[in-house]
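**Q** Can you read through this structure? Questions will come right after.
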Amino acid sequence: MENQVLTPHVYWAQRHRELYLRVELSDVQNPAISITENVLHFKAQGHGAKGDNVYEFHLEFLDLVKPEEEERLNKLRIESQGSPETLTSLKKGYLFMYNLVQFLGFSWIFVNMTVRFLILGKESFYDTFHTVADMMYFCQMLAVVEAINAAIGVTKSPVIPSLFQLLGRNFILFIVFGTMEEMQNKAVVFFVFYIWSTAEILRYPFYMLSCIDMDWKVLTWLRYTMWIPLYPLGCLAEAVSVIQSIPIFNETGRFSFTLPYPVKIKVRFSFFLQIYLIILFLGLYINFRHLYKQRRRRFGQKKKKIH
């Protein structure tokens, strides 16, 4: 007894000069599609109405098919294996959700700090860490995804500037603030967190709109302009926090260590903090140059006409 031929559901749509066929199969493997004279032949392994099987059909047209339609069949084979448009949509959806979560997180920090400052004034400076640190921890840990996206090519962002910003911020947050209770009650925490959140509530909405191919001119201008004052101010606030932490780390001896015999030299952690200050301003230069190039590409320069 011969095996029964399984035929998939085929949907037909037609315009004046175009014909569309949709074959209802998922997880398609090894599709064989060809045309001989006026007959379309289709055969593939896939999951259809009768489960995972081999499905095939032959569709006869009223007239001969032109030879140049062979090129369209090649495109059909590629799309049957996985449409590039589908992959692009999935990537955009993933990036949109990531940027949305980050925007909501930094917005919560920004609004919380703003409201508390309006109500409490300068008193709000000294308990900023205990109020918003958990959300800042979450956002900065999630920012690791941003560097990974750049490294594996999901986004076009350059890897070095992304890493500089990620590692620099996390060093301030987790090491300088997170491990030293004496630093958590200082006013500089407020300024560091406020500058970070201000920059991000402009950056992430811009990326969100880019994922859905929208361009809001006001937001675009803010995205490519506000970094000019915010990045140097953020770098300055971070430098102040490092400088204020140096005597505290020296006094407590935290993260300091002694080299083994015969050297036996005590290496204070403050030595690495001083090196970090140099790296901090180097990172500012790298990010500043990168953002300046982005701004020039985005807005361009008006060339003066020579008469």
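Note: Cβ is positioned from N, Cα and C throughout, glycine not excepted.
Pasting the relevant annotations from TrEMBL:
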- 5-112: domain 'CS' (DOMAIN)
- 95-115: transmembrane segment (TRANSMEM)
- 135-155: transmembrane segment (TRANSMEM)
- 162-180: transmembrane segment (TRANSMEM)
- 186-206: transmembrane segment (TRANSMEM)
- 227-249: transmembrane segment (TRANSMEM)
- 269-288: transmembrane segment (TRANSMEM)
**Q** How many of the residues that make up the domain 'CS' (5-112) does DSSP mark as helix, as strand and as coil?
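**A** Per-class counts: 42 helix, 42 strand, 24 coil.
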**Q** Which of 135-155, 162-180, 186-206, 227-249, 269-288 has the most Cβ pairs closer than 8 Å to the transmembrane segment (95-115)?
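**A** Going through each listed stretch, the top one turns out to be 186-206.
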**Q** Can you say which of 135-155, 162-180, 186-206, 227-249 has the most Cβ pairs under 8 Å with the transmembrane segment (269-288)?
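**A** The stretch I would name here is 227-249.
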**Q** Could you give the residue numbers and ranges of same-chain residues that sit at least 6 residues beyond the transmembrane segment (162-180) on either side and whose C-beta is under 8 angstroms from one of its C-beta atoms?
**A** 129, 133, 136-137, 140, 143-144, 146-147, 150, 189, 192, 196, 238, 241-242, 245, 248-249, 252, 254-255, 276, 279-280, 283, 286-287
**Q** Do any residues of this chain, six or more beyond the ends of the transmembrane segment (186-206), have a C-beta under 8 angstroms from a C-beta of it, and if so which?
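**A** Distant contacts of the transmembrane segment (186-206): 99-100, 102-103, 106-107, 109-110, 113, 117, 122, 124-126, 128-129, 132, 136, 139, 169, 172, 177, 219-220, 222-223, 226-227, 230-231, 233-234, 237-238, 240-241, 244.
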